[in-house]
Amino acid sequence: MVRYLLIRLLRAFITITLVVTFAFIVLRVSGDPAISIMGDNASPEAMAAFRKEWGLDQSIFIQYFNYVTAIFQGDFGHSMRGGGPALDLVVSRIPATVMLTLPALLLKVAIGVPAGIYAALHHDKSLDRTVMVTAVAGYTVPSFVLGLLLVQIFALWMPLLPTGGTGELSHLILPVLTLGIGGAAILARFVRSAMLEVLGQPYIRTANAKGIPWGAVVRAHALPNAAIPTVTIIGFMVGSLIAGSVVTESVFSWPGVGNLLVVSVTARDLSVVQCILLLVAATMVLSNMFVDILYGILDPRLSNANSEGR
Amino acid sequence: MVMREPWANNLHPDTVSPFTIPAAMPPGPLLAIQDLTVAFDGVSVLRGIDLSLDRGEALGIVGESGSGKSVTWLAALGLLPSFAAVSGRVTLEGKDLLNAPAADLDRVRGGRVAMIFQDPSSALNPVIRIGRQVGEVLARHQGVSGGDIRAEATRLFELVGLPDARRRFDAYPHELSGGQNQRVMIAMALAGKPDVLVADEPTTALDATIQAQILALLTTIRTETGMALVLISHDLGLVAESCERVVVMYAGRVVETAPAQEIFSNPRHPYTQGLLAALPPFEGPLRRLVPIDGQVPDPSRLPPGCPFAPRCTKREPLCETAVPPLVQAGFGRLSACVAQTPSYVRPEKDRVLA
């Protein structure tokens, strides 16, 4: 088990390193922060001074070396726009993002899981088809279209809710719905296929042959087994809790991490973008590890393989 | 409540065994199947099966893959997927099973008629401890609860010869071998103290040495408990060895029924004769085995006459056009072949009941 955890940790470390390195190179190759932050009209001397101040005049290798060393000392750099520590800036946006993504996650699970189970249990009946058509519609509509549609209906035609902004509970409803509906649709499709797969297994027939009522067969023999693949997709959703949604936050001008990312990328605020990517990669990796541990609990076949130290 | 001691007839001669037949038992067979048909998406795979099973009887069902031998019993217990169209009558002590309410059917399944399957490792739920899977049946059909479940399940594991039975309660199916899992399946079937155990190819997925052990176990349990056994297999030799009566099926029909010894000594239907010729002899000199040429016909494209006619060495012109009914062919024997039916008159309809 220890060996297994160590391998997992090493893998997580490599993943994060790859993400950070890739982001570092791409950001530095794709544009000059001096121009985007100082503006086109800045004098060449001012720009040179800016580059010198942020170390951009040095070779990319030295910059990368300095960046990584700083991270290990807990220094994630400073925002080129505001000057404050990048990490503080990003962390200050997390509560707003989680305020959207957490209720949205609950909504996804609360709608997606029962809808998927329901559809699977009524396989090929009209109920199943209705649920699936709705689900396909729900996840093929891009979130900016869905967001704008919701604004059009609930804020403009029926002026019940605000079009955007923050402060009150009513501001949450439309962005949470926008995030939740798409995710619920994905989850519903996933849970449905997982359930259909399990319901076709011989052990379900065995459970029926034992005289266990259908409801109990579904509860005791189908749901726990279908939970195994479902946990993967929910894990991904948990992993994106902090990343938030770039599109949804922009549509509703929500002051979260996603919004900060958009602004920082446009402005080439390198440290902030890198800090966000690092944080997102870390949560993704963390939730993936959590899913792996959960696998071991849900599926005894895996926990055995793990404890024997693959 | 007072727990009835399972297999009480062996342990306590003075208690009433659940398997002894009370005087008030209704007459007639324990389980009867009449004109059972099954169709998948309009393709009929079972074309009118008539079968009966007496109390305590060991009945063998033989046929190639696709002959409908498993489908018959899955249909009888309502275990086919919902898109299967089932018609006919299946009665347990006169009570209809096919149209029974779900709650009644659930009392029969596992409680009166238990079933075990071909691949024991996939027939057990991989994420539930085997003790709990057996415990479900004990709780459902015997009213066992709490700590008694562990004791009773362990006892059943010992009964079916599962090694290290005491510690196995908490094991998962993947920690056991195929043969051990089949023993768990048998223990699970016995947990409900059924009147009938339907064993659907119980040894096909197992090693040859384990096959013999499992068959011996089934035979022992049957003689000890007095329950009826339905042994479904493609292996005529295996079935004849452990059953009293054999039903031979072909292309969704019963083609011959006979006592086990007689099916060996004097097979009536050419298909049965073909099956025997393909079987290595138990004694006497070795001989060349004769395969049956051709294949089981596709259920969606059956020949108009006898379904076995295209492969039959004794084919007559009549075989190509009419389906022979199952008729008396000696004492306690039925056969569906034109050759055995001199009085056979060409039927008006496709299918004629014997």
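Placement of Cβ uses the backbone N, Cα and C atoms for every residue, glycine included.
Taken verbatim from TrEMBL:
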DOMAIN    A:94-295  domain 'ABC transmembrane type-1'
TRANSMEM  A:12-31  transmembrane segment
TRANSMEM  A:98-121  transmembrane segment
TRANSMEM  A:133-157  transmembrane segment
TRANSMEM  A:169-191  transmembrane segment
TRANSMEM  A:226-251  transmembrane segment
TRANSMEM  A:271-298  transmembrane segment
Contact between the transmembrane segment (A:12-31) and the transmembrane segment (A:226-251) (at least 3 Cβ pairs under 8 Å, separation 6+): no
Long-range environment of the transmembrane segment (A:98-121) - Cβ separation under 8 angstroms, sequence gap at least 6: 127-128, 131-132, 135, 172, 175-177, 179-181, 183-196, 199, 218, 223, 226, 230, 234, 237-238, 240-242, 244-245, 248-249, 254, 256
Contact set, same chain, for the transmembrane segment (A:226-251): CB under 8 Å, 6 or more residues outside the stretch: 94, 97-98, 100-102, 105, 108-109, 113, 117, 142-144, 147-148, 151, 164, 175, 178-179, 183, 186-187, 190-191, 194-195, 197-198, 257-259, 261-262, 276, 279-280, 283-288, 290-291, 294-295, 298-299
